[in-house]
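**Student:** Annotations per Swiss-Prot:
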- 96-121: compositional bias 'Low complexity' (COMPBIAS)
- 122-135: compositional bias 'Polar residues' (COMPBIAS)
- 464-485: compositional bias 'Low complexity' (COMPBIAS)
- 38-85: domain 'LysM 1' (DOMAIN)
- 251-298: domain 'LysM 2' (DOMAIN)
- 328-375: domain 'LysM 3' (DOMAIN)
- 408-455: domain 'LysM 4' (DOMAIN)
- 510-558: domain 'LysM 5' (DOMAIN)
- Asn124: N-linked glycosylation site (CARBOHYD)
- Asn140: N-linked glycosylation site (CARBOHYD)
- Asn216: N-linked glycosylation site (CARBOHYD)
- Asn235: N-linked glycosylation site (CARBOHYD)
- 1-19: signal peptide (SIGNAL)
Amino acid sequence: MRALTAAVLFVAGLTPVLAQDSSPTGPTFPNTVANCNAWYTIVKGDGCDTVEKKFKITPEQFFKWNPDVSTDCVKNFWVGNSYCVGVGKVVSSSKTSTTVKSSSTTQKTSSTSSKLSSSSKPVNTTTTPYSTRNPVTSYNLTQPYTATSLPPAKTQSGQPAYCNQWHWVGTGDTCLTILNLYGSRLTQEQLIIQHSEATALARTSYSVPWTSSQGNATVPAPTDYTPPVKTIVANFTASPQMTGVPQSCQNFYQAQDGDTCDVILKQFDYISREQFFSWNPALQGNCNGLWVGYYYCVANFATGVIPMPPTVTKVPDGAPTAINTCNKWYQAVGNDDCDAITTYFGTFSKSDFIKWNPSVYQDCSGLKTDSWYCVGIPGTPTTRTKPLTTTSLGSLPTQTGISASCKQYWLVSPSDTCASIISNAGVSADDFYKWNPALGGSACKGLQPNYYVCVSLTAAPTDSGSTTTITGPPTKGSNPPTTTTSGGGGGTIQTPSPIMPGMIGGCVRFWFRGKDGASLFCADIAKDAGVSLPDFLKWNPGVGSNCESLWADTWYCVGVSGKPTTMSSGIPTPASK
């Protein structure tokens, strides 16, 4: 018998032997099949596919035997853990631990007809996990938190004390998923107003319907949300902007910190990269060359060729199902409303849109950003039945009460505050709140994203007695509106372009920071110009209090009195020279 065993081992040694073990040598997962009799411990470089190939098993077999591993092999596939690569007879026992004698198991190899025999020793199997990634310790399972009083203990601050219905925020929840769940009785504005920290949704807010055994709480009547009334800025011009932008540009985008052309093209996905660079030639094809605060052209189409909004023909997740014949869907963005969507497409009426999408309600108050809506059924035209009318740059929303003499505006972003606008625009707080009464003073409760606020007036006084007057858009070319300045020392001058955002009104002395001035920073510029550093920073607030945003190829104010001058090369000189 020993001779026969030796012969078998000798023959087996001549063939490739798979690196499998009869028992795991590393930690295992609890749901691995109980009748596993072949194990493999993962090493660096392994993947599910390489293991399947190595042991000549199918993916279905591997994932069936190792159900804790995700089918994309991303979750629970760990180096050092043991996984099942072969099974024997199914073990069936009601006991926690059983001893099973396995019969001789054979496995044929592709290169030889010899057989590999497994050990005939008893194999101890158990239905209880016996290995973990960390030492087993005793722990107590606590019952999940359940609210027993109003309000629940795990809530975020700032929520109404009279609330009597709550939602537990789970993994994957967003404001949109919550609104979709309670959309019949909750609007986006109500959610935001009632949850001052809703933008920081985390798994800390517990929310389930709760009924008091002592009777219903007295709930004040709800206060309807009234959005600010939109008015139109009739004399707005996108400024500052880089040279070469076509005067016929129909729509602009103001670059934010961190923007690249890829960010813009994703937002305005109806234009191509080539179109964007042709409308903004100063970029010279540099996708990362955007200047924060500058306006870039994102639409300059000939009449009648404005592209249709992007749509999909495959039913997206979360799409409405009220119309089972819908064959085209559109995802709402930004400031969309029913009128705007109807106008953009020009292939259906507003009543059609509401009928296809009843979740928006008759007054369109249920329309939600990022949600999908039906925009086509069989028979809907594929091209506009009437041309899309483009609006001038003046169609920009401002809040009520804004100063009628305002000439420079600031588009409020979601991250803006009154303090940040005052700092970046270089205006005084008193003037800012006086020009924008809808903000509610220093409390700044009325500041609304995607609305314009006033940051400069006509004839704004300066210490030198000079005044600034906007003369309107240029008659040719693409520069921003010119500024004619009357200096205290006599003479007039036009503000050059481009300038830093927020430059003081009434500047009469300008210096261009070109290649020959690239080594100069705020303190150097102020010293050469014969002005104090605090004055330079006050006149050019866009550079930042630490001169961290000093731009090349840009004009800077170096004087608000003296003879009007533009210094386009070299270093700045004092007004006395």
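Just so it is clear, glycine is given a Cβ too, placed from its N, Cα and C backbone atoms.
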**Student:** Across the domain 'LysM 2' (251-298), what are the DSSP residue counts per state (helix, strand, coil)?
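**Tutor:** The composition, in the requested order, is 17 helix, 8 strand, 23 coil.
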**Student:** In the domain 'LysM 1' (38-85), how many residues does DSSP assign to helix, to strand and to coil?
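**Tutor:** Its residues fall into 14 helix, 8 strand, 26 coil.
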**Student:** Report the DSSP secondary-structure composition of the domain 'LysM 5' (510-558) as helix, strand and coil residue counts.
**Tutor:** 21 helix, 9 strand, 19 coil
